[in-house]
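Student: Checked TrEMBL, it gives:
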type	residues	note
SIGNAL	1-23	signal peptide
DISULFID	33-189	disulfide bond
DISULFID	55-59	disulfide bond
């Protein structure tokens, strides 16, 4: 009995392999290098940002959430080693994931959460998980392993700041995807780094 004869086994393997850091069967290992893939995530982030721009009630957290600074000095970025870029992107992605999850929890605890807001936050959680998997398939996580980052000591600590509304959180999320993540994936894909 081959894999083609047992689609349930193929489905099970495709669900179990990515959480273990292994590439999914049949999935292109460099899917993130297709610009349309990243553009879809950017579009979803922009939609969420636009939806939350007009809301006042239910969009405030009541506490601050830490997010990465999304400003990019293009001169410095281009001079960075791809390993340093990877570290900055992974740290930013991890911080954004924590912030979105915190926003999701705060939204769930609010008295009247909008179904539309909840949908966009849930989509963001799912998108960040997918982006993490796509970056793993690109091989970016190897730069985070001890001993593999040559310039860890010279890497500047991730700059952060606090936001207190969903609108600001989604603006940062959108800017991060359009900025640092897009720059990094473009360079990593161009170089063929894995």
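Using the three backbone atoms N, Cα and C, a Cβ is placed for every residue, glycine included.
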Student: With an 8 Å cut-off on Cβ-Cβ distance and a minimum sequence separation of at least 6, pull the same-chain contacts of residue 189 (disulfide bond), or say none.
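Tutor: Spatial neighbours, sequence-distant, of residue 189 (disulfide bond): 30, 32, 33, 138.
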Student: With every protein chain in view, what's the tally of Cβ atoms within 10 Å of the Cβ of residue 33 (disulfide bond), excluding that atom itself?
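Tutor: The answer is 18.
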Student: Across all chains shown, how many C-beta atoms besides its own are within 10 angstroms of the C-beta of residue 59 (disulfide bond)?
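Tutor: Around residue 59 (disulfide bond), other Cβ atoms within 10 Å: 23.
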Student: Are there residues of the same chain, six or more positions away from residue 55 (disulfide bond), whose CB falls under 8 angstroms from its CB, and which are they?
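Tutor: Within the chain, residue 55 (disulfide bond) has Cβ neighbours under 8 Å at 114, 117, 166, 167.
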